[in-house]
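Taken verbatim from TrEMBL:
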| type | residues | note |
| --- | --- | --- |
| DOMAIN | B:17-222 | domain 'MacB-like periplasmic core' |
| DOMAIN | B:256-376 | domain 'ABC3 transporter permease C-terminal' |
| DOMAIN | B:708-821 | domain 'ABC3 transporter permease C-terminal' |
| TRANSMEM | B:12-36 | transmembrane segment |
| TRANSMEM | B:252-277 | transmembrane segment |
| TRANSMEM | B:297-324 | transmembrane segment |
| TRANSMEM | B:344-368 | transmembrane segment |
| TRANSMEM | B:398-419 | transmembrane segment |
| TRANSMEM | B:425-449 | transmembrane segment |
| TRANSMEM | B:487-505 | transmembrane segment |
| TRANSMEM | B:700-724 | transmembrane segment |
| TRANSMEM | B:756-779 | transmembrane segment |
| TRANSMEM | B:791-812 | transmembrane segment |
Amino acid sequence: MTLTETRRQAPPAVVARALTKIYGQGDARVHALRGVDVAFATGAFTAIMGPSGSGKSTLMHCLAGLDTATSGTVHVGDVELTGLSDKRLTLLRRERIGFVFQAFNLLPTLTAEQNIRLPLEIAARQADQVLFDRVIETVGLADRLGHRPAELSGGQQQRVAVARALISKPQVIFADEPTGNLDSRSGAEVLSFLRASVRELGQTIVMVTHDPVAAAYADRVVFLRDGELVSDLAAPTPQSVLDTLMRLEG
Amino acid sequence: MLRTTLAGLRAYRLRLLLTSLAITLGVGFIAGTFVLTDTVRAGFSQRVTAEADKVGVAVLPKGERSSLPVRLLERVRAVPGVLDAQGLVRGKAPLLGKDGRAVGDLATTAISIVPGPLDRATIVSGTGPGSDDRTAVLDKNTARTHGFRVGDTITVLDSGRREHRFRLVGLLDPGVDQELAYTGALGFTTATAQRMTGEKGFHEIDVAGADPARLKQAVAAVAGPGVEVLTGEELAADLASRAGVQMEALTVALLMFGLVAMLVAALVIYNTFNILVAQRTRELALLRCIGATRGQVFGSILIESVVVGLVSAVLGLLAGYGLGAVTLRVLTALEAPLPTDAPVTLSAPAIVAGLTIGLLVTVGAALLPARTATHVAPIAALRTQAEQRTFRAGLLRVLSAALFLLAGLGTAAVGALVMPPGQQVSLVVVMGGGVLTFLGVLIIGPVLVKPLSALVGWIPRKLFGVPGRLAVDNAGRNPRRAATTTVALTIGVTLMTLISVVTASTRVTVADKLDEQFPIDYLLVTQERDASIPRSVGESLRGRPELTSVVQIRDTRAGVGGHRVEVGTFSGPISPDVTAGAMGDLGPGQVAIAAPTAQRLGVRAGDTVAVRTKAAGTVSLEVVALFGGESPLPALTVAEPEFDRYFGAVPDSRVLINAADGVPADRARGVVDAAVAGHPTIKVSSSTEVRGQFDETLDMMLLIITGLLGLAILISLLGIANTLSLSVHERTRESALLRALGLTGAQLRRMLSVEALVLGLIGALVGVALGGVFGWAAIRAMLDGAVFSAPLGQIALFVALSGLAGVLAAVLPARRAARASIVESLTTG
């Protein structure tokens, strides 16, 4: 059995059932999510796409335990997020979830290495030195470890952020527009690196993006519109993603 | 532009709130001082006017003269237009307490209470003595402290020390008369007052009649030279201004503390505006992009500070009014000897002073930040992320700081070590050095913050894991900001440490001096300097086995050249600290002089002085020795037989007694008490009592000063809270990131608390170091032979409290940070 096949048979890393999220009250009510059912396979790279206001960021925030859904359930692994206290949610994020944000991923007072090790230190866990070296080598940051974020380029900062997400071997990494602030070349680097970490390290990644090229790096793309899951595309190419988007908007 | 500024103010009003609070507190204190002193002053003048209204003209002795002859009263009464004239008697008449001994350190003052419209006494309960020579009234405070009530019988000594009994018929309010308030007051009929005090003349003659101006001329014509004739109005003004001088001193002292508070507030404002400008870089840049000039940006920040200054000064005036009113209530409840019943008013000068100070401090402190704001380039609007401000210790900064520190410490060292101690100028020099040093610290502050936070943060770093480490890093992250924040606290802690070092050192020094030069167990003195202790008292003690030494000292005043000095003698074993010549046994024609007196007279050992004596004419004495000024010996000390020959029989003025070793204190005391039993005006004080009273006075002073400095500390804590909450705001996204990465809310709160703790400790440590050094210098400059003592417990308490206060200041900002929604913070921050 190949690695890929093993993963296919493993239970999904994240599952959402009938997920709804309503902001505001009365006339100002906004249905950000209207009953989303979705599962994200372990060891896969999944992209969430959709036009602005489609609810893709809200979905990610709910899946990651950063925000609480109005109704429905979210499971990360075997843990149900619904109804967890803030403290339990924090501990769950600490142990099982990694993040890469669009901007402002790093603490300006810490060096790159300190930033990478930060999640482990918060959780008071020992770093796996082999993994650390491998991650550093893969992201190509070996000579930049002592620098502070202000001394790194945007692409380097995002690579540090990805390395930080990988180091604690989370069950899932959520990446929110990780290339949104980067030029296309740096963006391509970060995306290849994300894909490599899925292929080589067996990492599960869920990425929110509005860029068809970025989405094409994923194994699968799910499409949202007006808070509903409207399409699901396997083995995407930039062209097939663009076509799907056109169809959805048209 | 103005509209933009005002909109900005509305948007930032929460952030400016803490800032205004700093100014509000400072202005409140200053306004409160004015309210308090103005009201008391108004109370004084009300009373003075009420009293003086009864008087058409008052006749007072002038110059050397201390009383008016009795026959002057008859002459005044004969002046046409005089409706009534009364002579006021004032003199000493010791009141005996229930234990049979005279009350107070000074004899009670007896006054006459005159009948008719010229009666100026304020009887608060019961009645006046009327014309009954067997009745008396007593001032309410003495009555309360010694447990006398209307209807009781009181015993008073007359000038011949004979006891007289009176029925207490009323209680008196001494009003604005500070002498009466201090010694306690007894009121009698004029005849009784004359009999009791033995006064031959009048202290004042009050005249009733119409047209004070013409009356004044007429009375002055008969009064002749050596007296002063005042109209009632002039008398009131005279009395009020005497009370006013005291109030002025109190006002100035309180305002000093107010100014310290305002200085701290200025630092807080400066810091806040700096942070606000830094946070609004993009907003300001956008304004520049769409065409605002540098001047307009500068103006907008300044207008903001004007509004903040005005609003907080007005609030401060209100707070000051409340503070003044509450203090007056408290003083009334404590029955302080001050008139606190005048209507509480906020006078125009107080309003002007409060507004001006509040406005000037706020705008002044905002000037530099406003200038910084003009340096924001329009292009900054386009940058996505505020650039990290790095701070480098410039050579200029280090050099100028070193210059200030060297000059300051050098000046202080000169004041403390080189200049003569005990003189005001030395202390002024030391304080000047203190100000220079402080400026040096202010300049070098940002450089010190990093190493100090590493030092102070060593334990929290180990103790609190990641939050602790991040907190210590954050504390040193913006050195300029951290330095200004902590310096505000440093001011208060420096002054507190300085005061506590000075009081502790004074205590130790004085105790040492007492032991060394005044090694006595008991001291006998009388209430009045000129009255005296019969020689028999000392002689009866001399043979007692419980006592080892009894030294009797006699003295009187005599003319030497143009001076009146104390000339006296002693019997018994005493060896003063001889600074020049040799004292040995003083022979006929010889004198030993206290060094300060010798300096005043301009004589040295070996010179001769001419002393005008009572019984032997002017004698010429050879100065054989000079002795230290702290000695209990009379300033000019001669041999005993010579003293008798010069001045005749003079009773003892002081008796110094030492108990024998191994005799229990209460037995020795019993012997001494028994010897003075028949002499109610003799006071027995023991060295422990003297020291205890001294300690109490010092403790009280320390407490009051610490309380007043507390305001400055409070304002600096507002500064810490303010800086922290602005930093929290600035780091919203950072906090959210940490929360997303798994930092719990509690850990985030702890992180901010530790940051505040580190800031508080840095401020306190610098303050303790400065306060310790300058406390030492100040005590060296103030006291000759000062012994340095640092109250380590108190100082440790200051440091601990500063740290704790810092943590308290962090409570609200930390709570806000921990409660912020992660998602919102990530997207909007």
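Glycine too: its Cβ is placed from the backbone N, Cα and C atoms.
Heads up, TrEMBL stuff is auto-annotated, nobody curated it.
Quick caveat, the model's predicted, so the values are computed rather than measured.
With a cut-off of 8 Å on Cβ pairs spaced 6 or more residues apart, the transmembrane segment (B:252-277) and the transmembrane segment (B:700-724) reach 3 or more such pairs and are scored as touching. In this chain, the transmembrane segment (B:344-368) lies in contact with the transmembrane segment (B:12-36); the count of Cβ pairs under 8 Å, excluding pairs fewer than 6 apart in sequence, is at least 3.
By the Cβ criterion (under 8 Å, sequence separation of 6 or more), the transmembrane segment (B:344-368) is in contact with the transmembrane segment (B:297-324), since 3+ such pairs are found. Broken down by DSSP into helix, strand and coil, the domain 'ABC3 transporter permease C-terminal' (B:256-376) contains 100 helix, 0 strand, 21 coil. Residues of the same chain lying 6 or more positions beyond the ends of the transmembrane segment (B:487-505) and with a Cβ under 8 Å from any Cβ of it are 260, 263-264, 267-268, 271, 438, 441-442, 445, 698-699, 701-702, 705-706, 709-710, 712-713, 715-717, 719-720, 759-760, 763-764, 766-768, 770-772, 774-776, 778-779, 782-783, 786-791, 794-795, 798-799, 802, 806.
Only sequence-distant pairs (6 or more apart) were considered; of these, at least three Cβ pairs between the transmembrane segment (B:700-724) and the transmembrane segment (B:791-812) are under 8 A, so the stretches are in contact. For the domain 'ABC3 transporter permease C-terminal' (B:708-821), the predicted model reports an average pLDDT of 86. Taking pairs at least six residues apart, the transmembrane segment (B:398-419) and the transmembrane segment (B:791-812) share fewer than three Cβ pairs below 8 Å and do not count as touching. If you look at the transmembrane segment (B:425-449), the same-chain residues 6 or more away from its ends with a CB under 8 A from one of its CBs are 391, 393, 397-398, 400-405, 407-416, 419, 475-476, 479-480, 482-484, 486-487, 490-491, 494, 762, 766, 770, 774, 777-778, 780-782. Cβ atoms under 8 Å from those of the transmembrane segment (B:791-812) belong to residues 489, 493, 496-497, 500-501, 504, 713, 717-718, 720-721, 724-725, 752-753, 755-761, 763-765, 767-768, 771-772 of the same chain, restricted to positions at least 6 beyond its ends. Summarised by DSSP class, the composition of the domain 'ABC3 transporter permease C-terminal' (B:708-821) is 97 helix, 0 strand, 17 coil.
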